[in-house]
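Here is what Swiss-Prot records for this protein:
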COMPBIAS  1-30  compositional bias 'Polar residues'
COMPBIAS  36-52  compositional bias 'Gly residues'
COMPBIAS  64-75  compositional bias 'Gly residues'
COMPBIAS  85-94  compositional bias 'Polar residues'
REGION    1-117  region 'Disordered'
REPEAT    142-163  repeat 'LRR 1'
REPEAT    165-186  repeat 'LRR 2'
REPEAT    211-232  repeat 'LRR 4'
REPEAT    234-255  repeat 'LRR 5'
REPEAT    280-301  repeat 'LRR 7'
REPEAT    303-324  repeat 'LRR 8'
REPEAT    373-394  repeat 'LRR 11'
REPEAT    467-488  repeat 'LRR 15'
REPEAT    490-511  repeat 'LRR 16'
REPEAT    536-557  repeat 'LRR 18'
REPEAT    559-581  repeat 'LRR 19'
REPEAT    583-604  repeat 'LRR 20'
Amino acid sequence: MNLCSSSGATASNTSLSSTGHPESNGSGPSEATHCFGGGGGGGGNNAGGGSGTDTAPNSNKGTLNGGGSGGGGGANPASSNGHSLTHNNENNGNMPPETRPKMVTVKHPESNKPKPTTKKIVKNIQADQDVIKALQRCRDEGIKRLDLSKSSITVLPNTVRECVHLTELYLYSNKIGQLPTEIGCLVNLRNLALNENSLTSLPESLKHCTQLKVLDLRHNKLAEIPSVIYRLRSLTTLYLRFNRITTVADDLRQLVNLTMLSLRENKIKELGSAIGALVNLTTLDVSHNHLEHLPEDIGNCVNLSALDLQHNELLDIPDSIGNLKSLVRLGLRYNRLNCVPVSLKNCKSMDEFNVEGNGITQLPDGMLASLSALTSITLSRNQFTSYPTGGPAQFTNVYSINLEHNRIDKIPYGIFSRAKGLTKLNMKENMLTALPLDVGTWVNMVELNLATNALQKLPDDIMNLQNLEILILSNNMLKKIPNTIGNLRKLRILDLEENRIEVLPHEIGLLHELQRLILQTNQITMLPRSVGHLSNLTHLSVSENNLQFLPEEIGSLESLENLYINQNPGLEKLPFELALCQNLKYLNIDKCPLGTIPPEIQAGGPSLVLQWLKMHSPYRQM
């Protein structure tokens, strides 16, 4: 018996939108993209800072939309041909009330109480009818692109076999547990999107789809790669992210046309030598698995430009990695590496080097200097005790360096002398006691994070960093801030939390672009009156200090939204001028002995406190 019978509809270049009106063919599926980077591991469909993503080409126009936007849930009692409960309901809307049938009820065995059929079931019945109609139109009009995504489909009707002209079929975000054998009749299919379903296997008949190029199986329940996939030798893009796959068979070597393979977020412990046969791969994502080693054969994938290995359990990287001279991005974040191979020097196209979250103590001599295309270097959360060897040459084209959470006790003098484009430096959580004497030459620095070190002094030369917008010095041992801080006219964020500062310089008032000033947990007894010039300040935190009073000029902070002055045991009153801060949304005055303001007013929040200050102010114009 031939399962692939067809009505013989003439092929058409027309595709239908969700409204059923003819449209010209769209441009086809969007190109697959792949990125990963620093910051977070993890997870979700995008890496930044460093987590990886894969984006499948989903149809969004020029298609016949079958099931609308979904809705419904649970099992659909209607069969795939639209019968069962449908005959009781489908024409009720056109019947007069007196002749209209009663609502269908379902009596459960465990209960004698009749229960009305839920709206979900009715919606699912309608969804099934819509899908059947969409398949019929697809057959009759020779439609090539069909979008049945988000249609609450649990069973794909076997009439799909009649849609022989289909080249693109989108079934993502449904509830499909198994595909019908008839899917193999779609011999012209090139793109098949099955992501976000409940598939545990694929039918062997899929092998007849010999023109299939893009197969998306993300977010299903596959415990292994279905064997039929290895017979789809025309595949160029294969997404298997977020399944339950534990092994990769040697048959993978048959997919020689693959350019993109995503196995991200599975349970794979070993990647066999078969990976080396995929010489056309440009993107390989095996992040978020349980790999401890990579095969030497990975070096045969010489066309790789993106290799994402982050969030595994890698103990080493094979020397053959140096063969990947087209490599631009290499994700090694959060593994168990103690070192990286010298051969990485050969990967001269890499523009980002990120080994965050490993146990690396040093890099091969001069490795970073050899990677002259690097623009971003992230070595955070390792065991470095000093800067990598290689001198100033290793940072020539770099704009961002992150060495957070290591054991580095100094920044070498002149190390950034050739880093003319360096704008971001993160040295948080190290063991720095001082900054190098040439800190004043870092004139292009925009963001400088020196938090959680042991700095005792900020050099006067800080005044030369006039492009600085973010300066974070929290949790150090600073006793004072130099007057030259006033030269940093572009500063937007100044964080001095948890130091030993007693007095702020008057020049702080020159920072007219300042938006956040964080001074909590110091020994400050008073704020300079010049603070009133900070017209763009939205956040001011002076909690846990020794404030005796707030200057009247605080009333000039028209942009202020958040004010933290809690836990100042000597602060007994607030200036009436504070009532002029009309944009104040949050005011924390806990554990301040404000005897002049009644407790019930204090408990009422910022607006009530401001109202009280205004009412009791000697300035009637307020």
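Cβ atoms are placed via backbone N, Cα and C, with glycine included.
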*Grab the pLDDT values for the repeat 'LRR 11' (373-394) and give me their mean, rounded.*
97
*Could you give the residue numbers and ranges of same-chain residues that sit at least 6 residues beyond the repeat 'LRR 16' (490-511) on either side and whose C-beta is under 8 angstroms from one of its C-beta atoms?*
451, 466-484, 517-534, 541
*Using DSSP, what's the helix, strand and coil tally for the repeat 'LRR 2' (165-186)?*
5 helix, 3 strand, 14 coil
_Please report, as numbers and ranges, the same-chain residues at least 6 past the borders of the repeat 'LRR 8' (303-324) whose CB is under 8 Å from any CB of it._
34-36, 41-42, 47, 50-52, 259, 264, 279-297, 330-347, 349, 354
*the repeat 'LRR 11' (373-394), counted residue by residue under DSSP: helix, strand, coil*: 4 helix, 3 strand, 15 coil
